[in-house]
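A short worksheet on the structure shown next.
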Amino acid sequence: MKYKIRTTPSPEAEPSGNPSPPAVAPDGGYGWVVTTSVAIVNGHSWGISAAYSVFLAHYLKESTFAGATALMYATIGSLSIGVTLLISPLVTIIARELGTRPTMLIGAVLQSTSLVCASLSTKIWHLFLSQGVLFGIGMGFLFLPSYGIISQWFTKRRALANGIAIAGAGLGGLTYSLAVGAMIRNISLGWAYRILAIVSAVVNIVATLLIKTRYEATGARRLAFDTTLLKRTEYLLILGFGAFSMLGYFVLIFTLANYANVIGLDSSQASMIPALFMLGQAIGRPGIGWLSDRFGRLNITLLMTFMTGVLSLAVWVNATSFGVLIFFALVVGLSAGVFWVNAAPVMVEVIGLENLASGLSILWVAMAIPSTFSEPIALEIYTSWSAEGG
């Protein structure tokens, strides 16, 4: 099933006088530089976010903050994701007024500041404000303006390029999950945060300076909210699909390390499991993009989502050894990131490139609540089940 791609801008996007048609996407050239830069930003934002699973496992094992509960720790990681998505209308407006680069540079500074603040936390509410709220704001300023840019540079290879860019999050998650575990064991918790802050600030700033947009060339509108989209059934289906997908996706990211601890693995093995999950995503996302361009983006999205569900129910719930958990993390990682690869390409097919900014903004808001509460809900279900002798 494939929707016809519409590249003609809407009347609102056309200037008065003699409008010129939108330029054809290069499908390469400097677009690959942009793709690489976005991949690097994803690696040093979403990758660090994914590494919270290692922090979470450490907090739950060591009871770092007095009076903090497992639910509190679990909420911090998902809260940062929820904040990232919830501020999308605000970030869209700021990016329109200030430009994409200045907005992303603000994000780089805020994200690094949040990590420094987290390193100085002595109470659980400090961590809520730093690694929960401020980190989410910083990551939102980095991720949200950059996500839709790749679709401006590609047409035939749009899903492939998007898959490569999103794979950066997998590589970053792999690197940071292993690095955080090693730094906590060999240096300290505080310095693990500070090193992340320094590295991410430098890398994100350099990558941001290399990113270029093509809003004028494509005739794309940059509205924070276009409510007319909500009257379209096919768009509402995308919103629902995204919201329900996030209920399971972030449980995978944040729970794997702690699950490894629960079944008796040591801290080094526990930090390796989410790293392998992110490795699977780094390998799988470009492949998903290539398959999507070849066999249909919606078709591959549905297939990979179904595979992720089957693997979780058939393998994860029965995993009681290091080897089985390694297998699950790698294999499910190949398919679990499909929505992030194809959200923009599918949306372009459904609502057109000219409406992509607004369409994504509404989508991120719709995903905010399930992203925020997915891990706390999962942890509470597990806690209740364990208390009943399950």
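Each residue, glycine too, has its Cβ placed from N, Cα and C.
These features come from TrEMBL:
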REGION    1-23  region 'Disordered'
TRANSMEM  70-91  transmembrane segment
TRANSMEM  127-147  transmembrane segment
TRANSMEM  159-179  transmembrane segment
TRANSMEM  191-211  transmembrane segment
DOMAIN    228-390  domain 'Major facilitator superfamily (MFS) profile'
TRANSMEM  235-260  transmembrane segment
TRANSMEM  272-291  transmembrane segment
TRANSMEM  298-316  transmembrane segment
TRANSMEM  322-341  transmembrane segment
TRANSMEM  353-373  transmembrane segment
Same-chain residues near the transmembrane segment (191-211), Cβ under 8 Å, at least 6 residues beyond its ends:
33-34, 36-38, 40-41, 44-45, 48, 51, 100-101, 104-105, 107-109, 111-113, 115-116, 118-119, 142, 146, 149, 176, 179-180, 183-184
If we skip the immediate neighbours and take only residues 6+ beyond the ends of the transmembrane segment (127-147), which ones have a Cβ under 8 Å from one of its Cβ atoms?
38, 41-42, 45-46, 49, 52, 55, 65, 72, 75-77, 79-85, 87-88, 91-92, 94-95, 100, 103-104, 106-115, 117-118, 121, 204, 208, 211, 344, 360-361, 364
With a Cβ cut-off under 8 Å, give me the same-chain residues at least six positions beyond the ends of the transmembrane segment (70-91) that come close to it.
49, 52-53, 55-56, 59-60, 103, 124, 127-128, 131-133, 135-137, 139-141, 143-145, 224-225, 250, 254, 360-361, 364-365, 367-369, 371-376, 378-380, 383
Summarise the model confidence on the domain 'Major facilitator superfamily (MFS) profile' (228-390) as a single mean pLDDT, whole number.
84
